[in-house]
Each structure stands twice: as C-alpha cells, then as structure tokens.
C-alpha cells in the first residue's frame with residue numbers, strides 16, 4: 001500500500017510540475033503571437049522590443065526552472081539566450097549586422113560552454129565540417145573578403161555548437177535530442193537570413209527565419225528541464 005501511495009504521490013508531483021512549466025511557457029507563446037500578429041516594420045525600436053520578448057521569456061523560464069540546482073548547463077543556456085537578445089536587437093538595423101553576428105557568436109560560445117567537450121563523435125565533426133565548407137563556398141560570390149571572414153568565424157562557432165549537440169546522441173534522455181533539433185533549426189534560420197540579405201531575396205524570408213529561430217531557441221531552452229532532471233538523478 002505504501003508503494004502505491006508513493007507512486008501516486010510521485011505522479012501527482014510530476015503532473016503539477018508539468019502544469020507549472022506550461023504556465024511558465026505561456027509568456028513565450030503570447031509574445032510570439034504578439035510579434036507575428038503585429039509584424040511591425042523594420043528597422044524600428046517597437047519591432048526590436050517585440051522581437052526580443054519571446055527570447056526574454058525563455059530567459060525567465062530557465063531562471064524559474066533553476067530551483068536551487070543552477071547547473072553549468074543551465075548557466076550556459078541562460079547567458080546564451082541573453083546574448084541572443086542583444087543580437088536580435090542589432091539585426092533589426094542592417095548597419096548593425098556585424099555587431100549582431102558578434103553577439104550571436106558569443107551566444108554560441110555560451111552554448112558550447114554548456115555542452116562541454118565530451119563525448120567526441122568523429123562522424124558529427126566530419127558532417128559539420130562539410131556543411132561549414134559548403135556554406136562558405138556558396139557565400140563566397142556574395143560577400144567581400146572582410147564579411148566572408150566574419151561569416152566563416154561565426155558559422156564555425158554555430159556549427160561547432162551543433163557538432164557538440166549531435167555528439168551527445170543517441171541518448172536515453174530527451175534533453176540532448178531537443179538541443180540537437182534546436183541547433184539544426186538555428187543553422188537553418190541563419191542560412192536563410194544570410195542568403196536573403198546578401199545573395200538572393202527570398203520570398204517570406206523574414207517569416208521563415210523568425211519561425212525557425214524561435215523554435216530553435218525554445219527547444220534549446222526546454223532542454224534545460226531534461227538536463228536538470230538528469231543532473232538530479234546523478
């Protein structure tokens with residue numbers, strides 16, 4: 001009987017935690033709806049503010065999830081999201097594209113800090129190296145040398161973080177899967193953004209970029225929940 005009561009209590013606790021997380025994610029969903037609903041013209045400060053609200057809500061979500069167990073993983077994702085907010089603001093103005101890319105580069109360094117350097121998966125490294133090389137080859141006709149160099153450094157950091165996330169697969173925990181999917185979406189978003197801005201105007205580019213970007217950041221942030229559970233199990 002005690003075992004049944006303990007199991008029932010555990011199930012009620014998990015259900016309560018799930019409801020709590022759903023409530024804490026509502027600001028993200030509402031702010032996304034606000035951004036796409038208003039769809040303010042860029043560049044403008046109102047557009048910049050509505051653009052960063054979803055990511056700021058994810059920052060608050062991670063802070064609320066810490067609950068006394070502020071793991072190195074959560075810290076890295078927390079600071080990565082904050083740096084992403086700075087990058088989001090800069091990218092609203094075309095003249096601030098390079099500072100925005102710099103802010104996102106720092107964000108990816110934070111994500112790399114969260115992911116660590118183990119385990120090593122040569123296949124993931126080769127795959128991301130091929131993608132990095134192909135990206136630079138495609139961008140070379142569109143960019144001058146200084147911008148191409150910056151793009152090479154930024155894409156190397158992004159794909160390094162993607163490589164680290166892929167290197168954690170396969171895993172019995174769902175957190176690494178969320179992180180890997182998040183970085184695949186992040187890379188997709190950035191690729192569309194760069195090609196639209198420098199190579200060829202793509203229809204609905206801004207919409208597709210922002211949808212994939214918000215999905216990416218939300219999956220990266222959600223991975224903190226599973227990572228925290230795994231950390232407690234250890």
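Every residue, even glycine, has its Cβ placed from backbone N, Cα and C.
Heads up, TrEMBL stuff is auto-annotated, nobody curated it.
From a predicted model like this one, the values you see are computed outputs, not experimental measurements.
Matching 2-20, 21-39 against TrEMBL, the residues noted as transmembrane segment span 21-39. Of the given residue ranges 69-91, 207-229, TrEMBL assigns the label transmembrane segment to 207-229.
Here TrEMBL gives transmembrane segment for one range in the set 100-116, 151-167: that range is 100-116.
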